[in-house]
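Here is what Swiss-Prot records for this protein:
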{"type": "BINDING", "residues": "T144, G165, D187, N229", "note": "S-adenosyl-L-methionine binding site"}
Amino acid sequence: MPWLQVRLAITPEQAETYEDALLEVGAVSVTFMDAEDQPIFEPDLGTTPLWSRTHLLALFEADTDETALLAHLALLTGGELPEHHIEEIADQDWERSWMDNFQPMRFGRRLWIVPSWHAAPEPDAVNLLLDPGLAFGTGTHPTTALCLEWLDGQELAGRQVLDFGCGSGILAIAALLLGAERAVGTDIDPQALEASRDNASRNGIEPARFPVYLPADLPRQQADVLVANILAGPLVSLAPQLTGLVRPGGLLALSGILAEQAEEVREAYSAHFDLDPTAEREGWLRISGRRRAD
């Protein structure tokens, strides 16, 4: 069945008004999209940011009366409609289309992230099974990719790893598949902990090798390797805590950092770590290093 799609060019201030109005006139879905390829890197806590120029897409049943729809929408919003476009779009298997667009990804020499419905391109490689669509990290974001590539380049055999802000558990699970003896994950979101457990099970990892905790319950023991893919602000404020969680001689990898934030993050860790050159991908950075002996 085809659909009628209405596209409106709006500002953030208009978003709620037009979203409510579109739903009231019968939209079966409403989606916000970036109209000008404007990135939003680190929004303030408690905010739901939108782009300065946003496209609002609404889908209606194909037999919807376009003239009546626009007239009713203008009445509800109290004035002339912004720039808009209406077109008929064909129905399709949206789930299949989404699945076809997600292919296995390689990180470093050995590691692949492979969706569960796809055959591993290199069966003898280190293949981590993980599906896209989670809110917690699937390897597609540059910060996750930076951390995965770093892990692939380390000698992890027999190491104890801490994934701070574990999300989907992708980094800890990758470390275990790459040879780490044990990994611990921590996250402020209970749903992230559940996602980590599920993904570990999917990859054949026993719960004892990858326990996960809320921060308040995290055992105070030092790790051989700590990875933290969060954001620059928390990385700076948590520097004393994260430093204390890495044993002398242990390794640290931090991401979620923009270029203009790198100096502050490096300064927060330079007193205790010999830091490597900064790595960059698509505007995001990774800072890594080795903790000096006390």
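These residue numbers are counts, starting from 1, taken along the chain as shown.
The backbone N, Cα and C atoms fix where each Cβ goes, glycine too.
On the structure: features taken from Swiss-Prot.
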residue	record	Cβ neighbours (10 Å)
T144	S-adenosyl-L-methionine binding site	26
G165	S-adenosyl-L-methionine binding site	23
D187	S-adenosyl-L-methionine binding site	25
N229	S-adenosyl-L-methionine binding site	27
